[in-house]
Amino acid sequence: MAAAALSLNNSTSTNSPTLNSHKPISKFTSLTKPTNVSFNFLTNTPPRLQHFRPRPSVSESSLSVPKEADAEIEADDVEDDPTQELSYLDEETDPESITEWELDFCSRPILDIRGKKIWELVVCDGSLSLQYTKYFPNNVINSITLKEAIVAICDDLGVPIPEKIRFFRSQMQTIITKACKELDIKPIPSKRCLSLLLWLEERYETVYTRHPGFQKGSKPLLALDNPFPMELPDNLFGDKWAFVQLPFSAVQEEVSSLESKFVFGASLDLDLLGIEVDDKTLIPGLAVASSRAKPLAAWMNGLEVCSIETDTARGSLILSVGISTRYIYANYKKNPVTTSEAEAWEAAKKACGGLHFLAIQEELDSEDCVGFWLLLDLPPPPV
């Protein structure tokens, strides 16, 4: 069975894309045998942050410990005390180089001495060279509090006001955007806050669940949106696409070319995220061909591309971008062959811990990409 390239857009029939055959992709390996895709990962565990717990400077929160649970903390145990706040800057990092932050401002499954949920500000940069946490009572949650906290972080750690701040909760967009704009910071709604998302997962397990005020079974107050996918804007249509896979060594080459060849796209720090991949491991991806590949890649580059998933029930691909936007990226005619290939692609992505990629080319058999995004499909954080 030859791999299929499904039409993203057809000038004569945009609502009924047809199945098109194509030559084997010279750079990529087509997913021709869905049941025989092999993966050689060094670990089957979910990606974890490798060094998220440096020795912090700490300050005790007056909100975090009910009086009856308050106890004297030994100095040697202060790092492991779940009631403590974190303020850390890597000594080997140039403070001026930290220009982009990842930020979460949300309630936690922890009650304060009033019996109200504690809110927490969590800030880091993509490399975790900067890490900061601070608890707040629920009656001071506004843009003024956040603005003052951002300034305080910069003053305390000696870092400049960031140029950009990424955040992933749509419910906090108004507060975060207002605070950022008053400080001339560009707010970026994006689920590409991967260091932050994994750090929150880690904090849930090692901090929140050990806190004296932890409320087991408490559901997140601001759950992540998963809206019904919308139609794809005209400027994002390509001509053809195909499920493909690429050895990890080749993925690394594409990532390294993002700057050297001025290719559009985005990478991930896999070492930091704790993803260990053998060079020969095949990474699943989606190759998109377009006669206007460069303009298409440029448009995609401004969207904060997060992930791609298949919807075998509807026979479509779903593209997630930004903070809560999902597009129907393509439709295909459902049959046993296309369904099997879509399921194999999803299984391959799952075996990689969610790692996959999007490549934009002028032709499906082109040697070069004009756009390359390394993506990681993560479950929502537990808080």
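Using the three backbone atoms N, Cα and C, a Cβ is placed for every residue, glycine included.
Some features that TrEMBL has for this protein:
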COMPBIAS  1-21  compositional bias 'Low complexity'
DOMAIN    101-203  domain 'RNA-binding protein Tab2-like N-terminal'
DOMAIN    220-375  domain 'RNA-binding protein Tab2/Atab2 C-terminal'
REGION    1-27  region 'Disordered'
REGION    48-77  region 'Disordered'
* Residue distribution over DSSP helix, strand and coil in the domain 'RNA-binding protein Tab2-like N-terminal' (101-203) -> 41 helix, 34 strand, 28 coil
* Within the domain 'RNA-binding protein Tab2-like N-terminal' (101-203) only, compute the mean pLDDT. => 96
